[in-house]
Structures are given as C-alpha cells and as structure tokens.
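What follows is a single structure, written as structure tokens, with notes after it.
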Amino acid sequence: DNSYKVSGGLHGVGVSVVNALSKKLHLIIHRAGQTHEQEYCHGDSQYPLKVIGETDKSGTVIRFWPSELTFSQTIFSVEILARRLRELSFLNAGVRIVLRDERVNFEHVYDYEGGLSEFVKYINEGKTHLNEIFHFTTDTDSGIAVEVALQWNESYQENVRCFTNNIPQKDGGTHLAGFRAALTRGLNQYLESENILKKEKVAVTGDDAREGLTAIISVKVPDPKFSSQTKEKLVSSEVKPAVEQAMNKEFSAYLLENPQAAKSIAGKIIDAARARDAARKAREMTRRKSALDIAGLPGKLADCQEKDPALSELYLVEGDSAGGSAKQGRNRKMQAILPLKGKILNVERARFDKMISSQEVGTLITALGCGIGREEYNPDKLRYHKII
C-alpha cells in the first residue's frame, strides 16, 4: 500500500480513460494467493470481477486494444515507449522493465542499478565532464523523499530535469527552486571561503553556476499539488524547503570532501562569469557605436547597396591597402568590403573575454549584425549570406 502513496497516473485518470477509449481491455490480477480476471468492451464491463485460480504471484497484467472508432491511427511508436520506459527505469533503481515489439521481433531490457547516477551518465555521454557524479538520496522529516544526481561538463548549456512521483515537470516548480537556491548558496560559500571571488575580481550569478550542469531532481511526495492537470509544474510549497535543506547539507559536504572537483567547478563558474561580463561589454560597445553611427556599422566597412542578405556578399581583406584595391574592383550593388589587420587573434585558444576585447573581432561582430551573447545572438540577423 505504501507504494501507492507516491504514485501518479495520466492526469489523474489513468486506466479509466484508457478503458473508455479501447474497444477491448482485459485485466489479470495476481493478489493474495488468487488470480482475478475482468474484461471490458468500449468501457463497459462484460462480467463481474471473478477468481479464475490460485497463484503465488503478485502483480497486474493489462492488455488493451485502442478503438478505431475513436482513433484514426492505432499504430504504437516504439521510440516514444522506449524513451519513457528508460526514464522510469532510471528513476526507479533496480526495477527491471522489458519492452517487446512483436511486430518486428524486438526486445529491450531496462535495468539501471545506479538510478539517477546512470541517468546523468546517459545524458552526458560523449561530453567531457569536470567532476564525478554527485548523487544522494534522503528521506526528510516531512515525509518527502529527495534524490538528486548532478555533474558539470564542458558545454555551455544547463540541462536540469525535474520529476515528482516519476512524473516529469518540464516547467520545474518548487523542487527546482529549492535545488537552485541550495546549489547557488553552496557554491557561493565555497568561492568565498577559498577567497576565489576576490582573487579573480568577478561577481557570479546563479546562471554562471549552472552553465554546463546536468542534473536530475526526483522527489516522492505523498500529496503533490500541480499548477494544472498536465502536472507540468509542481506548486507544493512544502517541497522547496525539503529539497533545499537536503541539497544544502549533502552538496556542501561534497565540495569539502572533493577539493579537486570543487576547484574544477569553480574554474568553470569563473569562466562563465567572465564570458557573461565580456558579452555585456560587447553589447554595450555595439549599442554605443550604433548611437554614434546612424547605420551602426564599422567605419572601414564599404557596404553594398543591396539590402537582401541572400543577395549580399561580404569580402574580408587584409589591411587598408588591399581594402582600397578591393573597393575599386567590386560590384557596389551586391559586394561589401571590410579591411582587417592581419592575423587578428586565434579565437580557438583565446578566452572569451580576451576575444571580445579585440577591436577587429568587435568590428566583425558589428558588421555581421548577429549580435553576441546568449540573450542577443540571432543568426537570422546575418547581413550577408555569402562571406569570403
């Protein structure tokens, strides 16, 4: 009975709706030493629940046939089923789930003993990670079970997934809020205790701390409340302090016990803060230039008359002398010329803040028109579709 306290169905209706939308639904239930059977047709019971034998098994077998009267297509997607069953196996360590597709003689077994640790490992496959996976499970005094696994990698995207009673919340909620608060506090305390912020002379934000982070948050809540019937956001107020308290305790201990991992994570955060600050300065630089120059374009750029990017070409030439020759020989209607100093900067090896401080790189950014930074970069604003 305890397992049902933290179970969740499809929008709270589950098998009731499956039954109503099926031309046939057949139940076999093994319980308390007996096997029971019942069958429905288009939602109507064909006979009362009956005992058909004795058993030492425990469990339920449900078979259903979708109604062609309701659905124009009744073909099941094995890819969708596989994705959800894999997710459920990660969320319930040690539970063995078998997916069979008898149409093509396909079978796959999902059985992940590592639970959320293996979930994070699966998501981060092929990426360079900065720390070993941090993973904890705890039962709080409020009766809420909290499980978290996380790892940083060298990418720039945050990938945090939230679940309540095995149900995903794509819009997060109170469990995500508690996690973020504890994560930011723990990292800030570490950075301050190691005097890193003063040494590096930077201010970090929560976004900086979560750059490159992959995390799974799973809570088991006896009576969860959601913002809508689709359960895409958890709003139970008691979950935030439960997650925050558990995460704060476990994560602070992890940073103290794993100094090398903590140092790598701190380095990633500092780089993210510098990049964010450099992007802000670049945006300000571009805006100042736009205010001074009506066209908002670099002074050395000889622009073309064509306004359609698909028909416009930009030629990058080395130095002012080459720029002069190129301007004389170009087709003014569709060809723009931008002179640049030779070998401006190897941006592959340069840190973002150094790259953005280069005048030539700034000129390129302004000329291309795409903007810079996570909030403002838009490749659709590219002013030339052919760059030579």
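Every residue gets a Cβ built from N, Cα and C, even glycine.
According to Swiss-Prot, the feature domain 'Toprim' maps to 312-388. The site 'Interaction with DNA' feature in Swiss-Prot is assigned to Lys343, Asn346; the stated evidence is sequence analysis.
Within the model, the domain 'Toprim' (312-388) shows a mean pLDDT value of 81, rounded to a whole number. Every protein chain considered, the tally of other Cβ atoms within 10 Å of the Cβ of Asn346 (site 'Interaction with DNA') stands at 8. Classification of Asn346 (site 'Interaction with DNA') by DSSP places it in coil, neither helical nor stranded.
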